[in-house]
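> This is the structure I want to talk about, given as C-alpha cells.
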Amino acid sequence: DPTRKEKRGPGRKARKQRGAEVELARFLPPGKCGLDRPAAAPRRPRPPDRRLSPQKKCAVKAAGQTACGRSGFSDGNSKWLAPAKAKKTQPKGNHVELSSDGEVEEGSWEMEEEEEDGSIEEMVDDYGASSSEEEELLPIEKAALKQKPDREGLSEDDSEEEDEEEEEAEEAGKQKMGQKEEEGPDLQLNLDIDEQFKLPTSEEIEKEDILFIWPLCEFLGCCDSLTVFPPAEPPDLHVIHQRIQGNVEVLQDFGAKREEGRSRQEYLALLRRDMAAYYSYSDFLLAKLMDIFPLPELINFLEANEVPRPVTIRTNTLKTRRRDLAQALINRGVNLDPLGKWSKTGLVVYDSTVPIGATPEYLAGHYMLQGASSLLPVMALAPQENERILDMCCAPGGKTSYIAQLMKNTGMILANDSSAERLRSVVGNLHRLGVTNTVVSNCDGRQFPKVLGGFDRVLLDAPCSGTGVISKDPAVKTNKDEKDILRCAHLQKELILSAIDSVNAASETGGYIVYCTCSVMVEENESVVDYALKKRNVRLVATGLDFGKEGFTRFKDRRFHPSLKSTRRFYPHTHNMDGFFIAKFKKFSNAIPQAQKEPAVEAAAPSAVPDTIITEPLPRKRKLEGSKADKEQKLPQPALKKKRASLQARRRPLKA
C-alpha cells in the first residue's frame, strides 16, 4: 500500500542545490566568470523553483557587468545556464537575490504570470527537461491540437453541418455493408461449387502409386527389376486427408453430390485406398472395418486408434480403500480422478511426477495397472463368495486378482493358461496383491472338461486378433489377414464349448459363463456366440452393464439369434477404452444336445464300420463285412475286444 510506505530520509527535493548563476556570481573571483567550464562531471540542471524571474536576471546581469566589465555570459555554457521559459505560473517559494554590492539575499517572491511581451514561461522539471507538450507530442498529435482551436472557433451552424455530414457518411457505409451481405450468399455458392469434391484422374492415381511404392522398392532393392522411378516429392498427407473428408461427404449424400457417370464403388475404392495410405492399414483390415462401421464412425474409430488410451489402475480392496489410495498417490504428485460411476475401484491417471508402476503403493500391492475394459468382464461375471470359479485364460492375472478381490479371498479360483512363461507374471501379481484362494495351472483350455469340471462360473478371455487394441499394438494394422481371423475363430469355438462343459448347470448360485475378446470382428464375436447357442444348452442373459452398444443380430448376409442384443460392444471412439466384446451365458442343462451324441451311439454298435474308412465299392463292402463278421465270431472274446478297440481308434474324430 503506497499510503503506508515509510519515508526513509530526506526526499529528492530537499537535496536541491542553488541556481548555477548564483553560485558562479558568489564563488568565482572577479574577472573569472567568463572562463571555460572546468573538465569535471556536469551538474544536473537547476530545479524550476530555484529559477530566477526576469527581473532578478537583470540583477544578475548587472552584477556580471560590474564584475566582468561586459554584459551576459561569454562562455559556451550560457545556453544551459540561462533560465528556461515556463508556460505555467510557478508557485510561491524562496528565491535568491543579489544586492547592489553583489551579495546574495534570500527572500520570498512571486513569479509574474506573463512577461512584458506576453509570452508564458516554460515549466522545467527537476532535471532541467522541458515539460512542453508540443515537444513530446508526435506530428499527428500536433496536427490534432491545431485543429482543436479551429473547431472551437466554428459556429453552431457549422458544427450542425458537420454532424449531418457524419450521419450521411454512416448511412452510406451501412448501404455498402448491406450490398456486401446481399452478395454474400452468391459468393458462398460459388465457393461451394468450386470446392466440390472430384475424383482424381487415372494419371494422378498412378503418380501417387509411384510415391507409395518407391519407399518399399528402395527398401527391398527391387527398383532395378521394376520400371519405378524415384518421386520428385513425397506424398502429401494433407491432400489425402482432405480428399478423405470430401469423399465421405459425397458418400453421405451420394445422389446429390456425386459426379455424373461415376459409381459408388469407385468412390469406395478411392476412400479405402486413401485411408490405407493415411492411417497405414492393410487393405484387408480396412475392408473388414468398412463393413462393420458407418463411414463417419469409421473415421472416428481410426482416429481414436492413433491416440493412446488413458492409464487406469484398479484399487486392491484386499489391502486398502480407493479413497486412501487416491490420497496417498496425490501426495506423491499423481494427478488422478475416479474412473466412472460404473466402477467402485477404478482410477484414471492423467499425469504423474513418479513412475506409476514403481511406487511404494504399487510394490505393496495396493493397486494393479489394468485397462478400463478389463474390469468389465469380471463385473459381468459377478462372482460370489465361496464359489468355485475357472479363469481359463488368466495371464497376466488382472482379472483373476479382481475375481479374488470380489470374493474376499474365499472359495477357490483355478487360474489356467496354456503359456508357462506368462504364468510367471500371474504368480508374481497374485503374491504381490495378497491373493490366497487361487490355484495356478498350465493346461490346454480345450482339454479342460477332462482335467477338472463342475465349476460355478467360468471366465473365458479368449485369444483373439487384437483389432480392438490397435492403439497398444499398431502392428495389427498390417500383420493380420483372413487366415489369422479364421484361425482365431476356430480356436475360440473350441474353447467356448470347453468352458460351457466345465460349468455345473445345477449350481445353486452359478451356472454362468462369460465370453469376452479384445476384438471388433464379427467372426470372432457374434459368430462364436451363435455357434455356442446351437451346440450347447445355454442361453444369453443380460451382462449387467448399463452402457455399451448392442451386438449384431444381422451382419451382411448372416442372421444371428435375436438374443445377441444382450451382448455388449465397447469402442475406443465412443467409450474411450479398448475395443471389447462381452457375452454372458446361463447354462440350463448339463446334457449335451443329440447332435453331439454320435460317439456314444457308435460305441453301442461297434460292428458297424464308419463310412469314412471304407474305400471299396458297395457290393464288395457287403462281402467284406460278411467275411469280417464270420472271422469275429471265430475269434475268442479278448481278441474281439481288441479288434473293436482298433476300429474305434481308426475312425476320425468328429468336428467341433
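Positions of Cβ are set from backbone N, Cα and C atoms, glycine also.
What TrEMBL says about a protein is an automatic prediction, not a curated fact.
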> According to TrEMBL, which stretch among 541-598, 599-656 corresponds to the feature region 'Disordered'?
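Matching range for region 'Disordered': 599-656.
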> Under a criterion of Cβ-Cβ distance under 8 Å and sequence separation of at least 6, what residues of the same chain contact Gly397 (S-adenosyl-L-methionine binding site)?
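Same-chain residues close to Gly397 (S-adenosyl-L-methionine binding site) (Cβ under 8 Å, separated by 6 or more) are Ala415, Ser425, Val426, Val427, Asn429, Leu430.
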> I'm trying to understand the geometry here, so how far is the Cα atom of Asp444 (S-adenosyl-L-methionine binding site) from the Cα atom of Cys518 (active site, nucleophile), in Å to the nearest whole number?
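So the alpha carbons of Asp444 (S-adenosyl-L-methionine binding site) and Cys518 (active site, nucleophile) sit roughly 20 Å from each other.
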> In the structure shown, with every protein chain counted, which of the recorded positions Cys393, Ala395, Cys518 has the densest set of Cβ atoms within 10 angstroms of its Cβ?
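Going through Cys393, Ala395, Cys518 one by one, the largest Cβ count within 10 Å is at Cys518.
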> Which residue among the binding-site residues Lys399, Asp444 has the fewest other Cβ atoms within 10 Å of its Cβ, if you could check?
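Relative to the other binding-site residues in Lys399, Asp444, Asp444 has the fewest Cβ atoms within 10 Å.
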> Using the alpha carbons only, what distance in Å do you get between Cys393 (S-adenosyl-L-methionine binding site) and Cys518 (active site, nucleophile) once rounded?
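Roughly 13 Å, rounded to the nearest whole number.
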